[in-house]
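The feature ATP binding site is assigned by TrEMBL to G11, T12, G13, K14, T15, S16, R117. As annotated by TrEMBL, Mg(2+) binding site applies to T15. Taken from TrEMBL, the feature substrate binding site covers D33, R57, G79, R139.
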Amino acid sequence: MKNVVLIGFMGTGKTSTGRALAQRLGRAFVDLDRMIEEEAGRSIPEIFASEGEAAFRALEREAVRRTAKRRALVISTGGGTVKDAANVALLKENGAIICLTASVDVVLARTAHVGDRPVLDAKDAGDRRQAVADLMAERRELYDVADYSVDTSDLSPLQVVDDIAGYLKREGVFRA
Ligand SMILES: Nc1ncnc2c1ncn2[C@@H]1O[C@H](COP(=O)(O)OP(=O)(O)O)[C@@H](O)[C@H]1O
Ligand SMILES: O=C(O)C1=C[C@@H](OP(=O)(O)O)[C@@H](O)[C@H](O)C1
Ligand SMILES: [Mg+2]
């Protein structure tokens, strides 16, 4: 049984949609960020502040290594997980890769709370919209590894789940 792996930029809905999709499919759900937080006993912003991004990325690689070899999961990645080619290869080995996208303004609205997403906060030099636009442009090609993509800008989480479940059914990944 293949995993279903959600990738995409911050605020596209990977965590919330992944949880709902897992419920819909009757599959176990793993959010890599939550897994890292639970194991470290600290939040993602705390890990970034105390140990830096490189240390976070090492924890993320380890979380991917252990999770990707499991079966029949819905896995939500973090927005930067696919920066590492080895992470992508591991996740693809046994996973259907679904990319969630959203417009700059929708991402801006969904990530407006400063303090939750240290990568975006670090890039925000007073113009948060510009920070989102720049980082999104910088990372756009990384998300091309997906087998299927959904623009979530004008969809409710439920509609996103329906869309992905329809794709999986058509592809025969799950009897969704
Ligand atoms: N399709 C959607 N429509 C409206 N709000 C959404 C949608 N998907 C996610 N959200 C909201 O956007 C915020 C970020 O979602 P989240 O699942 O954490 O995204 P990600 O994990 O991709 O960063 C949350 O407040 C969530 O409730
Ligand atoms: O894009 C990134 O580099 C990051 C995205 C975050 O996950 P979400 O995309 O779920 O917010 C989290 O992994 C960390 O803050 C770094
Ligand atoms: Mg998330």
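Cβ from N, Cα, C; glycine included.
Annotated features, which come from TrEMBL, shown on the structure.
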residue	record	DSSP class
T12	ATP binding site	coil
D33	substrate binding site	helix
R57	substrate binding site	helix
G79	substrate binding site	coil
R117	ATP binding site	coil
R139	substrate binding site	helix
If you count Cβ atoms within 10 Å of the Cβ of R57 (substrate binding site), leaving out that atom itself, what do you get?
16
Within the chain of G13 (ATP binding site), which residues six or more apart in sequence place their C-beta under 8 angstroms from its C-beta?
L100, A102, R110, T152, P157, V160
Checking the contact step here: among the binding-site residues D33, R57, G79, R139, which have a Cα within 10 Å of the Cα of K14 (ATP binding site)?
G79
Could you list the residues of the same chain, at least six apart in sequence, whose Cβ is under 8 A from the Cβ of G11 (ATP binding site)?
A102, V106, V107, L108, A109, R110, T111, R117
Distance, T15 (ATP binding site) to D33 (substrate binding site) (CA atoms, angstrom):
9
Report the nearest neighbour of T15 (ATP binding site) in space among the binding-site residues R57, G79, R139, comparing Cα positions.
G79
